[in-house]
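Engineer: Features from TrEMBL:
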{"type": "BINDING", "residues": "H7, H9, E102, D214", "note": "divalent metal cation 1 binding site"}
{"type": "BINDING", "residues": "H140, H164", "note": "divalent metal cation 2 binding site"}
Amino acid sequence: MRFTDSHCHLDFDEFSASLTELLINCAASGIQRIIVPATEPDNWLKVLGLCAQNNSGQAQRPRLLPCLGIHPWFLSELSQQHLEQLTAFTRQHSNKLVAIGETGIDGVIAEKEDNLSKQIAFFEYQLQLAGEWQLPVIVHHRKSHHKIIPLLKQHKSPYGGIIHAFSGSYQEAKTYLDLGFKLGIGGTITYDRAVKTINTVKRLPLSALVLETDAPSMPLSGFQGQSNSPLRLINVFECLTRIRQEPAEVIARQIEKNINEVFRLPD
Ligand SMILES: [Zn+2]
C-alpha cells in the first residue's frame, strides 16, 4: 500500500537534524508523497528549497510537494505588502506549487488577538489567489466552521481543497464536501474522546477523506509529549481501518485517488 501525508511541516526545525534519515524511513513505510504547506513569508523559500532539493533525483524518498500561504497564527507582523509578495511568489513558482496554504481562520486566536477581520481579509485574499491560479486551498480551522463556510460559499472555486485536521459534525463535513473540499484526517481520530469526529468519519463516503499528520504538531494518542512525525501516518491509517468497514487495501487505494483528485496529480 502507498500513502500520502497531505499535511506535514517538514521545514520546521524539529526535522532539520535528521531529515534525510526520516525521509528514507517514510519511503520504506510506503509514504510516497508528502504535501508541505507553508505558514509565513519567512519560510516560503525554505519550503520551496527543501522540496526542490529532495526531489532532484533522490530515489527511495517520498516526493515533496510544496504549497505557499499565510497561516492565521502569524498575522501580527504582516500587512497587505506580504499578500502582494505571496502573489508574486505564486506567479514565480506556479509550476511547482500544488496548493495555496495553509490559510484559514482560527477562532481561538481571533479572540485572543482581536484580529478576526484581519484573518478574514488574509483568508479571502488567499482564496481569490488560489482561484486565479487554479489551485486548491489548504484550510486551517479551529472553532471557526461558522466563519469559514460562508466565505467558501462566497468565493466558491472549482478547485476545492482540504479542510485540514478536520473535526466536526456530519453536517459540517457534508457542507464542505458539497463545496468541493475533502477532509484531512489525522491524529484526532486516535483519541477515544473525539466521538463526534469519529462518528462523522465512519459515515462519510471514502471519497471524502485524505490522511495527514500535521507533524511536528498534533501528536497521536499514545505519543503525547513527543514531537509528531510523518511516520505516524501509518498509525492514523490503521486507526482509520478500525473505524471503517472497508478492507484496508480498498481504503488506501481510494485515499490515494482522492489526493490525486485534489492536487491534480496523475494516477
Ligand atoms: Zn499545519
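Keep in mind that glycine also has a Cβ here, set from the backbone N, Cα and C atoms.
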Engineer: For H164 (divalent metal cation 2 binding site), what residues in its own chain, 6 or more apart in sequence, show a Cβ-Cβ distance under 8 Å?
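Structural biologist: Listed in sequence order, they are S6, H7, P37, G101, E102, G104, I138, V139, H140, H141, G184, E212, D214.
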Engineer: Given the recorded divalent metal cation 1 site (H7, H9, E102, D214), which additional residues of the same chain have their Cβ within 8 Å of the Cβ centre, ordered by sequence?
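Structural biologist: Neighbours found: C8, P37, I138, H140, H164, A165, E212, A215, S217.
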Engineer: Going by a 10 angstroms cut-off between Cβ atoms, which of the binding-site residues E102, D214 has the sparsest surroundings?
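Structural biologist: Each of the binding-site residues E102, D214 was scored by Cβ atoms within 10 Å; lowest is D214.
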Engineer: Here the binding-site residues are H7, H9, H140; which one has the lowest number of other Cβ atoms no more than 10 Å from its Cβ?
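Structural biologist: Comparing Cβ neighbour counts within 10 Å for the binding-site residues H7, H9, H140 gives H9.
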Engineer: I want to verify one value. Collapsing DSSP to three states, which class is E102 (divalent metal cation 1 binding site)?
Structural biologist: strand
